[in-house]
Each structure stands twice: as C-alpha cells, then as structure tokens.
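Asks: Dropping a structure here in structure tokens format, bear with me for questions.
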Amino acid sequence: MLASGNSSLHPVSFILLGIPGLENYQFWIAFPLCAMYLVAVVGNIIVLHIVQTDHTLHEPMYLFLAMLAVTDLALSSSTQPKMLAILWFHAHEIEYHACLIQVFFIHAFSSVESGLLMAMALDRYVAICFPLHHSTVLTPAVVGKLGAAVMMRGLLWVSPFCFMVSRMPFCTNHVIPQSYCEHMAVLKLVCADTRVNRAYGLFVAFSVAVFDIIVISISYVMILRTVLRLLSEEARLKAFGTCASHICVILALYIPALFTFLTHRFGHHVPRVVHVMFANLYLLVPPMLNPIIYWVRTKQIRDRVIQGCCGKDP
C-alpha cells in the first residue's frame, strides 16, 4: 500500500525479515543478542552514573567517556528492541517514518561515536605530549564544544539521507532482508536513479571515517614518539597503559565496521546470513564492549564499580 506525498509515493510500512536463512533459529539467536543488549545498557548506564556523580572524574577523558556512553545507549537502543520483537514475536512490520528515523539514528550516532573516539585521541595526545598544558588546553568548556561539534557533524551530515530518500518513489517490493533499516537497504527499494544518494552516502562515510582515522593515527604516532623518548621504563608503561583502553575501543568499533562495509560493497559471494549477522553485531558489540573495556583497563572506573558492588572503599 502506498501513501501520497507532495512529490513522491512512499509505502505505509516496510517488512523487516530479521535474519534470512536462519528463520528456524531466530527465536534462540535472540537470547544472546538480548543478553548483549542488556550488558550494553546496564554497563553504559553505570559508567554514566559514575562519571556524573563523582566530581573527581570531571576531567576530559571521563567527560568524553560519558558522552560515549550516551551515544552507545542511543545507538544500541535504536535497533535492538525492534530486532528482538522481530526474532521473538514476528513483529516484522515497521512504519515508514519509523524506518527513516531508525536510518537517521543509526548513521548519525555512528558518526558521533567515531568523532568521540577522535576527540579522545586528541585528549590522550595533549595529556601525554603536553602534560603541563593539558588542564588549560582541554578545559570543560573546550570538551563541551568538541562534543557539540561532533554531534552537529553527525546531525548535519546524515540528515540529507532521510530527506533525499523521502522525496523518491518506491517500488512495490517493501521487504528489507535484515533486522533494521539502514540507508543502503532502504535505497535498494527505490524505483529511481539513486546514483546521487549513493555518492553522497560514500562521501559521508569517507569524510567521517577517513578524517577521524587520520586524526587518530597522527595523534598516536605523536604519542608513540613521545613515549619512546621517556627514559624510565615505568613511565613508558604508564603512558601506554593510559592509551590501552582507548585503543581497544577504537578496534572494537572500526574492525566490525570495516568488515561490514567491505562485505556490503565487495563481498557479493559472501552468504547473506553472514552479512546480516555482522550488520547486527556491528551495532551491538561496540556498545557492549566499551564499558567492559573501561571497567577492566581504567582503575578509577573499576574502583568505583567495586565500591558500588561491595558497599565499601576498594
């Protein structure tokens, strides 16, 4: 069924298939996905609560971590509840505007997450390479402006996705062969020339990811040069230790993202079920792993988690 718009026709709803090829196992697959989602939600809420309530953690590193926790909550919650409803209750239908909202949230907050990792790399660079100026360069006001800039970039870069798609006519096929709406999946259902949309999608992907990766790489090259010049081995280990958590978080985001992107663009011989599973995990694994990594690798966070669990000082 189609609804009329000002200049195009769009369907009332789309059909999300879930995990094509594993229909007989979807009910059971939902349990580990639900467990991962619960870990992501609880873990990020705990991190956010710790940073918010402990004024000694109101430093750039932890403020960025709090922003990352909010982003992870938004990113995982934009897809997982609907995905679980599909796998458990066969709620395959998603309303047209809800689908576009999901497209917006997925791509906007993926951009924000990448931008926050870039900002955190800059924070580590200033903290290690210019330790005496760290508190004066990265003030709370500067941290807030960096966070706002990253958020605005995500909103402004991704908004045209939804606007351009909403102005185009759709074919009679309204089936999306995965568990959530994302830009390329929706674009494949359009009955019009989508070269401009595809080109803009590639521009956004490369302008965000490539720029952020370049800044992160340069930051860590400068950090490595500074650390290797330290005379004390203990000082070098301490400096590396402060970066270990951030490096793990970077790998947790970019490795699944790169694999998903490459298989989507070039992996035509990769089974569809592999595409769909990695697409699901790409939006779930980083939000789940990020709080765990910081609990394990960051003493201040770990101590406060232990204190909260045991009801005493660590």
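In case you wondered, yes, glycine gets a Cβ from its N, Cα and C as well.
Just so you know, TrEMBL annotations never went through curation; they're auto-generated.
As annotated in TrEMBL:
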{"type": "TRANSMEM", "residues": "27-50", "note": "transmembrane segment"}
{"type": "DOMAIN", "residues": "43-294", "note": "domain 'G-protein coupled receptors family 1 profile'"}
{"type": "TRANSMEM", "residues": "62-80", "note": "transmembrane segment"}
{"type": "TRANSMEM", "residues": "100-122", "note": "transmembrane segment"}
{"type": "TRANSMEM", "residues": "134-158", "note": "transmembrane segment"}
{"type": "TRANSMEM", "residues": "202-227", "note": "transmembrane segment"}
{"type": "TRANSMEM", "residues": "239-262", "note": "transmembrane segment"}
{"type": "TRANSMEM", "residues": "274-296", "note": "transmembrane segment"}
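Tell me about the surroundings of these features in the structure.
Replies: If you look at the transmembrane segment (100-122), the same-chain residues 6 or more away from its ends with a CB under 8 A from one of its CBs are 61, 64-65, 67-68, 71-72, 74-75, 78-79, 82, 94, 143, 146-147, 149-151, 153-155, 157-159, 161-162, 165-166, 180-183, 186, 204, 208-209, 211-212, 215-216, 219-220, 246, 249-250, 253, 257, 283, 286.
Proximity of distant same-chain residues to the transmembrane segment (134-158), defined by a Cβ-Cβ separation under 8 Å and at least 6 residues beyond the stretch ends, is recorded for 58, 60, 63-64, 67, 104, 107-112, 115-116, 118-119, 122-123, 126-127, 204, 207-208.
Outside the transmembrane segment (239-262) by six or more residues, the chain places 68, 110, 113-114, 117, 120-121, 124, 127-128, 205, 209, 213, 216, 220, 223, 226-227, 230, 275, 278-279, 281-282, 285-286, 289-290, 293-294, 297-298 with a CB less than 8 A from a CB of the stretch.
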